[in-house]
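Student: Before I ask anything, here is the structure I am working with.
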Amino acid sequence: MASSISTGVKFVPEEDNFLQRHVAFFDRNKDGIVYPSETFQGFRAIGCGYLLSAVASVFINIGLSSKTRPGKGFSIWFPIEVKNIHLAKHGSDSGVYDKDGRFVASKFEEIFTKHAHTHRDALTNEELKQLLKANKEPNDRKGWLAGYTEWKVLHYLCKDKNGLLHKDTVRAAYDGSLFEKLEKQRSSKTSKKHP
């Protein structure tokens, strides 16, 4: 796949921009641009299978590339510019990221105050379905599908043995720290299997 021209300078997401931090995990070479191959590698690193990783890399990069590259022509490499990821924010979401990609604590808390009825700090699968239904905006199939897919993959990867998706896990997904944790867990499991 394509790689960007290296300037020797690594891209560092803005500290208060949770959306940039979320996406930066997938920027495997830390140059500020995420190519489909990096999206694939990132999904594999957090424990997704080949098929899900391949499908995710195609749909995510095709869907977000042009939105994060305003004023630039079409690229067959479908790069995503991390610094502009806020321009690709989809509808039918929770509102936890504001228009600039910053974390909105009140919207995050609202997820659990409105939808976590069984356990105060966790969502059941049924409560997750209700959250997705509540977030759905009229005539926004693409945004709803994006949100649905994000939440379902998160639930699949991170639910506990009782099927609960915990508040601290969801917050870590929003700021991107969850991905680093999952990658470390996966690599330690792999190293234990192959000493």
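Cβ atoms here come from the backbone N, Cα and C positions, even for glycine.
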Student: Given 20-29, 70-79, 140-149, which one carries Swiss-Prot's motif 'Proline-knot' label?
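Tutor: So the range that Swiss-Prot calls motif 'Proline-knot' is 70-79.
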Student: Between C-alpha atoms, which of these binding-site residues comes nearest to SER177 (phosphoserine): HIS22, ASP27, GLU38?
Tutor: HIS22
Student: Which chain-mates of GLU38 (Ca(2+) binding site) that are at least 6 residues away have a CB under 8 A from its CB, listed by sequence?
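Tutor: Non-local contacts for GLU38 (Ca(2+) binding site): PHE26, ASP27, ARG28, ASN29.
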